[in-house]
């Protein structure tokens, strides 16, 4: 029993008294546990808070509020509010769907048995209450924290797997009190009367302080060896009876759960910063325009007497121009990013290559906010056991008296990822040994025959495995996969372990070369722990020996154990350790604690300007998964804690491979800085949301610079996204400058052409809105064509987005010009489409103006491609030549040729992956993982365990 619980914890959570078979005198929490991000009550305030934290949303909310001030907004009161509500609605739906899917994936309606009114009844977990007597059977998870009453095993022992709690898959032994070990029947349990006095809920997994006071008996202390925690799984034990002491969020599992940190992608951070800079530019533009309006009114006020002068109030003018120029920050940027990320998350969930049919587990994007980070990861932190290895033990090879048995010619060469994907699944007997020489040497009285027999005998008897019979079949219940594999290996070789008694084991019997083949072997070593000074000296020596190569990636690896790492992470030598680690191609940390894993990730994350990704499959990996920029959890053999706390969840590690136009600013120079808008107000509102939203959307979803095969063939291509070459501050402002040049061409060219007026045959003249509609059309066409120039992988969706957006505007323009007065909206637009389409200048400019805008971009791209060709461009040329030769064509099931893009879309659209894609896989579902034998220093020693069982007798059954 441990009393390590701090006084602070005891003060925060007062001790509790639990009465047995009596009503509880205190009210305790129920067993309902929710891991949802939102609830019905908290959704709206929390969602709005997170959305307003985004600079763009805050800006548009500010604009929408300004538009509500009377006589200030030149664009109406709702042209920003409606698109903003649309964006928030899309984002809200996305959050609800992601949270709901996360709840469904992590929630299962589990049942358990509890004693009520003298009968065992099945109830769901959330109905379990403190003081209930609960029965849990083999393989079930514990529904709450409970004290053991009795079990099916000798001496009230039971085995549990705590993977969901601490990531360890070796079995641990817990033992009930001798006072209650005999209480097994319903009648005996119903007669129990007394109380349990214990400490209040706390997060200490390995501590528990309490006393059991049965009526008429002396009080007995209860410690951590008598308590079973929620989330643990009962193993190798037919049943266990227990009294519930903590439920719901009071359980130690939930006390240890931490709220996932709010992670923001690098793209979002850069975007927020640039939006703030753009807002400052917008303020400068508004100030300049307001001053211009003031000066113009003073200069021309008496001359233009026929104009109804607008407000001369400087403050009102400033607000007017802020509203007028708000399109400098495109509102569609937000909705496009949200929809693109959500769709990308669906593609991840549907990806056949990430599906694992052995457990029917697809990949799952638990959040879509970090999608762009996946392509920018520079440092990868991975757990080894169960993540990079499969935690499956098979008896393949052995060395006896200097002779090695077991031959695997395929191990003579290094295996590729394809070789591993084609390996057959391990057999249920955990034995792939196939070498007839071993048994032949026994039969032929080889000089080593005695050693072989002794070796096989030791395999069959030296262990803590418990055999159970199911008919004529023997099931071995092992505390670790190592023991199980060795016993099954001995069985295959004729030494069959059949039973044990407290004093005997029953069997039926008729230098390390293994380690050189990459197979797991056991070694006994003497380990010396260096002190802090030695660690510092060693790090200094290695850093000095690297010389100028320090800080650059070298083809060397650094190996460090957890004890040394404790000193390496200390303040004095942390920087030296980081410099040395960054100079290595790989760093291997052995026997490290969960906290050390998290500290390593945090060190790199804070001191290196790079994206980090952490991947693991156990509860001990949660810290580093939550600390890294991107956390990936594997739903493997170590529980679901890592998966539930991750950003992306997979079943198995596999080798896979808006423009802003400131046209209204130019218009201000020719309208006396009056705040007059060039375009119709609802056309302004729909520009970013409808007419130019599809091209960037399809770019974000379907664009791919090169094929998957090329990415695997040329891994250097990954550095393009890793170094954020595609989106950074320089690229962002390069596009802004380019947009500025485009805006000059798009506004001034049409204005100069129409400067001397144009009269139609019906005598009707042109006005500002006529010019605005022409410019608007040119802008839509230019933006769509620019998106086409940025597109590398053209698909049917790309064509639909580029050409469809242009057509959509023209159709809308035509309809919008005739709806008044049938629909009382936009009277100024009446007949505008007919006038524009009949104007010869319009058709001449429709070809000339977009061409003038884009010819510079085409020339710039061609010059770079000619004189400074990148690796990506070289690979793209290679792919193009390959396609021309017909070597990159794929064929579908009907024999029809399709390109790789179509193949990808068809592959993603099949949500139910066929099993033939993964007919053979390295990983399989197994009960245990770590290769350690039982729990060290446990409540019951191994010698006591092996002497407690008599498999020749029938076990106790309960009703």
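In case you wondered, yes, glycine gets a Cβ from its N, Cα and C as well.
TrEMBL lists transmembrane segment for one of the ranges 731-749, 750-768, 864-882, namely 731-749. Of the given residue ranges 800-820, 884-904, 905-925, 926-946, TrEMBL assigns the label transmembrane segment to 800-820. Least packed by the Cβ count within 10 Å, out of the recorded positions 383, 617, 621, is 383. Confidence in the domain 'P-type ATPase N-terminal' (18-81), given as mean pLDDT, stands at 83. In this structure the alpha carbons, written CA, of residue 383 (active site, 4-aspartylphosphate intermediate) and residue 597 (ATP binding site) are 9 Å apart. Residue 597 (ATP binding site) sits 13 Å from residue 617 (Mg(2+) binding site), counting Cα to Cα. Here the domain 'P-type ATPase A' (112-170) has, by DSSP, the following mix of helix, strand and coil residues: 10 helix, 29 strand, 20 coil.
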